[in-house]
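Heads up: the structure comes next, in structure tokens.
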Amino acid sequence: MLYKGDTLYLNWLEDGIAELVFDAPGSVNKLDTATVASLGHALDVLEKQHDLKALLLRSEKAAFIVGADITEFLSLFQVPAEQLSQWLHFANSVFNRLEDLPVPTLCAINGYALGGGCECVLATDFRLATPDARIGLPETKLGIMPGFGGSVRLPRLLGADSALEIIAAGKDITADAALKVGLVDAVVKPEKLIEGALRMLRQAIDGELDWQARRQPKLEPLRLSKIEATMSFTIAKGMVMQTAGKHYPAPMTAVKTIEAAAGLGRDEALALENKSFVPLARSSEARALVGIFLNDQYVKGLAKKLTKETETPKQAAVLGAGIMGGGIAYQSAWKGVPVIMKDINEKSLTLGISEASKLLNKQLERGKIDGLKLAGVIATIHPTLDYAGFERADVVVEAVVENPKVKKAVLAETEEKVRPDTVIASNTSTIPISELASVLKRPENFCGMHFFNPVHRMPLVEVIRGEKTSDATIAKVVSWASKMGKTPIVVNDCPGFFVNRVLFPYFAGFSQLLRDGADFRQIDKVMEKQFGWPMGPAYLLDVVGIDTAHHAQAVMAAGFPQRMQKDYRDAIDALFDAGRFGQKNGKGFYAYQEDSKGKPRKVPDDAVDSLLAEVSQPKRAFSDEEIVARMMIPMVNEVVRCLEEGIIASPAEADMALVYGLGFPPFHGGAFRWLDTQGSAKYLDMAQHYQHLGPLYEAPAGLRDKASHNAPYYPQVEPAQPVGELQTA
């Protein structure tokens, strides 16, 4: 053996051909700081081998390299800008040395080669991939851009257009797609990968393949005429502005960096990449997006730990068809758990099956499935008007009308029709689980399972623990939600649970602004364009349904009278009384018309202004800053209360529930990350400025305590060691 590090080793394969094998402890290879340093040590050894004729890079794992070690990012990005720049310069010098070896190099790619793994691949002369390989640069999804030469080598290898598409969108592509654009030289069966790699290297050694000619374009300026460059970069910038917008600077920075480096050789282009990377890495957007990635891993890890000894349900049932029931049935069947769908109404059953069929047909149209798969999934959804087959159900979810009397009657009846060990869950959005459990003989087998609409798109499922819910019940439901491809987050019981409990104070802030003379159109614009919500509050209420919100608002007011009981008639009341229920009947805050695809399109409707005038003071101007503060303080305060009361277990789970359940802008990272970014002391000052507006604006005790020493909610991340102490030599 020529060299053995902790995460890779170097060996002779055959006469003159060495292999560099990535083999980190654990299940996957990551390109962390230690591996970059170890790669440098391996190159020290290789550069001294006078009889070296070629180098093969491969992985001992099921994937080549899954990317950088993202757990290092938060601390690495905390180091001073100059030190981070120095470390990047060191890392790039390692990849340059790999690229500059005086012999042909080839990378044998199996599984994932993402981020730094892809950048390692790009430094070699030839690339072979197995059919399951996926190669790409997802950095912009984390608020950064490639930092190990990806923005330099990929455009020179593929051409500007293909490279810009991959880098700006943070895409990874299949082996076949990589072959088509020239990212790999061939796709070979896994069992033939090493054999094919050695054959290609021998051809390069013998001069049949010109490896030096393959390498040269990566060292030179991008081969683009002035007209081609103008077209490529203008189109790319336009697309990025349309898709990413101003809140996500990484994609635009990457495009502009590639454009600025187009006329430069490798080393000058890498210096530009370094210069662009460092400010992105130290931005609040990167901190938030990396935080979301880490929180997502944490939440998924909790679910995995919780269900370690739990068998995934083999048969499910849904009570109540229609859009929601049909969506749940589709998702369960699509992910491989057969489902019985019961309703008392034939029409509703037809609607439920129709909803599932519609979603499957969309998959068929997109080429994701064939007719056989479609028929197979539909065959596992069994519509019924009675309880036939319910004795087989491991888990049943009730999705009937949001009325406690109806739900209690249905739940009590269902309990008599299922096995004693069957878990029953309610898809209620606001009614306390312990209240619904009061009619059950086996309340320990009952919990809440709150899906979000549309079920097939929304990743979150709130799993609600009632007073008597057992751990086994929670584990069973979490297991089913995970099997359905959802992110389950366990919360404790209260009116509205977590997501709706924190959403309605946000709506209350909106109602108060309207009462005080604000224009709902301006509020929507500010909350969408400035704060970054996918929908402003007026538009969101129209989508949720004014009637639904009116009912839920009453439930929340009864549950939290001190804060959520209002003493005035608000905009939601006015629209509800006027029969303006939102998208469902074509008029709410806005009017709705069907577009060419049959989807509701928002259009202005001046008639609403006279209705709102009845419950509002005369119109007056509000600054964008005041609108954001008055909208967000009630929500953030309630989020903090939920943590303090143990409704939600951690800031990470709270932030993921907000991002996945409500569409909280990812570049803010969630309520706790947003609060930490401002600083708890500054946030408290803002809240106190508005506390005259009522109890929703009064900061909770725990927050006031944190603000007294400006403490964050997330653990303080210490900067990584200075670069001189990082493993750079």
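For all residues, glycine too, the Cβ spot is worked out from N, Cα and C.
Per Swiss-Prot, the features are as follows:
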ACT_SITE  His450  active site, for 3-hydroxyacyl-CoA dehydrogenase activity
BINDING   Met324, Asp343, Val400, Val401, Glu402, Lys407, Ser429, Asn453  NAD(+) binding site
REGION    1-189  region 'Enoyl-CoA hydratase/isomerase'
REGION    708-729  region 'Disordered'
SITE      Glu119  site 'Important for catalytic activity'
SITE      Glu139  site 'Important for catalytic activity'
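Maximum intra-site Cα distance, NAD(+) binding residues Met324, Asp343, Val400, Val401, Glu402, Lys407, Ser429, Asn453: 19 Å. Long-range Cβ contacts of Glu402 (NAD(+) binding site) within its own chain (separation 6+, distance under 8 Å): Thr428, Ser429, Thr430, Ile431, Thr548, His551, Ala552. Contacts of His450 (active site, for 3-hydroxyacyl-CoA dehydrogenase activity) defined by a Cβ separation under 8 A and a same-chain sequence distance of 6+ are given as Asn427, Thr428, Ser429, Val461, Glu462, Val463, Ile464, Phe497, Val499, in order along the sequence.
Sorted by the number of other CB atoms within 10 A, the binding-site residues Val400, Val401 start with Val401, the lowest. The least crowded of the recorded positions Glu119, Glu139, Asp343, judged by other CB atoms within 10 A of its own CB, is Asp343. Among the binding-site residues Asp343, Val400, Lys407, the residue whose Cα lies closest in space to that of Glu119 (site 'Important for catalytic activity') is Val400.
Asn453 (NAD(+) binding site) carries neither a helix nor a strand DSSP state and counts as coil. In the three-state DSSP scheme, Glu139 (site 'Important for catalytic activity') is classed as helix. Note: the CA-CA distance between Val400 (NAD(+) binding site) and Glu139 (site 'Important for catalytic activity') rounds to 43 Å. Glu119 (site 'Important for catalytic activity') falls within a helical segment according to DSSP.
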